Amino acid sequence: MIAAIISFGLGHIHSPNIMAWQIIFIFGQVWEMFCDPKSYLFLAMTLLLNIGAAVTNAFGPTPISNFGFDAFVTALLNMPFGFLQFNCILLASYAAARWKYKASVLAAFGLPVVVGLAMLYAEGVSKSFRQSVALAGYYLFAVLFGGNPLIVSWMVANTAGQTKKSAVMSLYNAGSSVGTIVGPLLFDAQDKPHYIPDVKATLGVFCALLGVIGIQCFVLFSLNKVRQRQRVAHGKPRDIVDTSMADKYQAYGAGNDALGQNALLDMTDFRNDEFVYVY
């Protein structure tokens, strides 16, 4: 009944470029994205990561300026941090491609940030603030910038259907933008110079990020079980070899004629029983 009403309404959209039946299928894919639990978990990851990234702008200059340098030299001493950012992005991308796992690499890059925040918090509440330890903790924040490329690649690898994939990337852009806006609000000028409550809040944000990564792995594991049951019901093998992350080309259907028929169809991951979710 609901589908009939939606089809009736969408059928009245007139476009010189898109046929009415195409609009209906595009709306199927966008609606599926909103019904997909992993979409909201990817959004949460993006939001948390970019909220936490605000610590580099709000707190970053503090441990450097505490050494007694003026504003200009402090700016120059941020160069090592930029160098670490650049290399961490390259390293994260290489690690994900080399070992084929997104979740474990993303979590591994989140742990140093948690350690760095813990170091800053511990120094902030101590009676003797050690600037060198605080600076080392600050430099560990550079690792977090390898997270966004990993989240993007993880989202794309676990989403099928061109419209659904585009809609999911829109969620990423929204989460990234909102996180960038909300992040600086965690830091209050009255908490200077060590921003103890703000660092504590950011530490909670990154711990939550690690938790969301774990939940997403469980969701993807469960979705793979659903696809396995679908394949059995359709007369296909329960377990199939996932070639999406393979280094060498492998023809679809090799050794089994029942597989590979969905390869060129614009099917979403929910509808394609041969889709394998990656961790």
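The backbone N, Cα and C atoms fix where each Cβ goes, glycine too.
TrEMBL does not curate its annotations; it predicts them automatically.
TrEMBL lists 6-28 (among others) with the feature transmembrane segment.
Long-range contacts of the transmembrane segment (40-59) within the same chain: residues 81, 106, 113, 117, 120, 138, 141, 144-145, 147-148, 151, 154-155, 168, 171-172, 174-176, 178-180, 182-184, 186-187, 195, 198-199, 202, 205-206, 208-209, 212-213, 215-216, 219, each at least 6 residues beyond the stretch ends and with a Cβ under 8 Å from a Cβ of the stretch. Feature annotation from TrEMBL assigns transmembrane segment to 40-59 (among others).
Proximity of distant same-chain residues to the transmembrane segment (71-96), defined by a Cβ-Cβ separation under 8 Å and at least 6 residues beyond the stretch ends, is recorded for 56, 60-61, 64-65, 102, 105-106, 108-109, 138-139, 141-143, 145-147, 149-150, 153. The transmembrane segment annotation in TrEMBL covers 71-96 (among others).
Here TrEMBL flags 103-122 (among others) as transmembrane segment.
Sequence-remote contacts of a segment are chain residues at least 6 beyond its ends whose Cβ falls under 8 Å from one of its Cβ atoms, and for the transmembrane segment (134-157) they are 42, 45-46, 49-50, 52-53, 55-56, 59-60, 62-64, 66-67, 80-81, 84-85, 88-89, 91-93, 96, 102-103, 105-106, 109-110, 112-113, 115-120, 123-124, 165, 168-169, 172, 176, 206, 244-245, 278. What TrEMBL lists as transmembrane segment is 134-157 (among others).
For 169-187 (among others), the entry in TrEMBL reads transmembrane segment. Nonlocal intrachain contacts for the transmembrane segment (169-187), taken as residues 6+ away from its ends with a CB within less than 8 angstroms of a stretch CB, comprise 33, 39, 42-55, 57-59, 148, 151-152, 155-156, 195, 198, 201-202, 205.
Marked as transmembrane segment by TrEMBL: 199-221 (among others).
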